[in-house]
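Enquirer: Take a look at the following structure, please.
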């Protein structure tokens with residue numbers, strides 16, 4: 001993205017954006033920045049700390065329940081959130097800095113993809129653990145549907161974000177934005193597809209009357225996953241709208257909507273993924289239903305939580 005030189009307060013001309021940017025707040029107006037505002041240091045510091053605490057919580061539950069794959073997904077998502085908001089703190093001191101802008105753009109755009117990766121494998125794990133005989137397709141098929149789609153979303157969003165801010169052509173921002181929009185739109189479609197599959201299985205499960213002894217944990221698990229996906233969906237819809245408006249739109253040039261839809265909504269989503277942690281419901285070595293009563297339920301290794309490998313006590 002190329003921006004023309006601007007005249008500073010001292011009458012000299014400065015580059016306001018790019019790797020050769022030499023503007024500072026001492027010589028250039030804040031309106032010359034991409035955001036046209038100075039990112040709030042207290043707010044972005046708070047977001048950085050909160051995501052750090054959420055990550056610690058997920059590490060604790062991941063170690064406790066030995067849900068290594070889910071834990072790694074949550075850690076990667078939280079680390080990207082932390083990196084993104086830490087860069088926004090750096091932008092508070094000098095909003096013309098190029099590297100922090102690039103890092104926070106890419107990091108905050110792709111962070112939720114790692115949350116959804118953890119969410120997607122829970123569908124296969126849930127089916128394998130609770131009632132594989134009630135699924136419309138083999139549990140592993142869901143993993144091979146949703147995870148590759150998640151990877152495509154990651155590639156599109158990361159590439160689009162990088163192109164939009166680092167491209168040298170006049171239309172690089174537009175091209176990058178369209179690529180990012182495609183990635184975010186695909187993520188919306190995949191999330192809706194997941195909710196349909198997740199909801200379909202558990203509706204069939206509850207209608208079959210197969211309520212386990214840990215019923216409250218199962219309800220917390222289902223509610224946590226569902227509410228988290230809803231907040232991630234809302235966040236993705238906002239980012240699609242933001243990118244559609246472009247770098248001159250109202251959504252990108254006002255911090256409050258961004259903080260609410262990107263920051264607060266993702267905090268809520270990550271917290272719900274903690275409350276609805278799969279370790280609460282998918283206990284190792286324990287079947288959710290009576291296999292003698294429901295002979296169609298697989299036994300042995302087929303019922304184990306293959307998506308979240310654990311060591312047996």
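Note: Cβ is positioned from N, Cα and C throughout, glycine not excepted.
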Enquirer: For the record in TrEMBL, which of the ranges 7-26, 67-86 is the transmembrane segment one?
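Expert: So the range that TrEMBL calls transmembrane segment is 67-86.
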Enquirer: Sequence gap of 6 or more, Cβ distance under 8 Å, 3 or more pairs: do the transmembrane segment (218-238) and the transmembrane segment (67-86) meet that?
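Expert: They are not in contact.
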Enquirer: Short question: which residues 6 or more past the ends of the transmembrane segment (67-86) have a Cβ under 8 Å from it?
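Expert: Those are 44-45, 47-48, 51-52, 54-55, 58-59, 61, 103-104, 107-108, 110-115, 117-118, 121-122, 263, 266, 270, 273, 277-279, 282, 305, 307-310, in sequence order.
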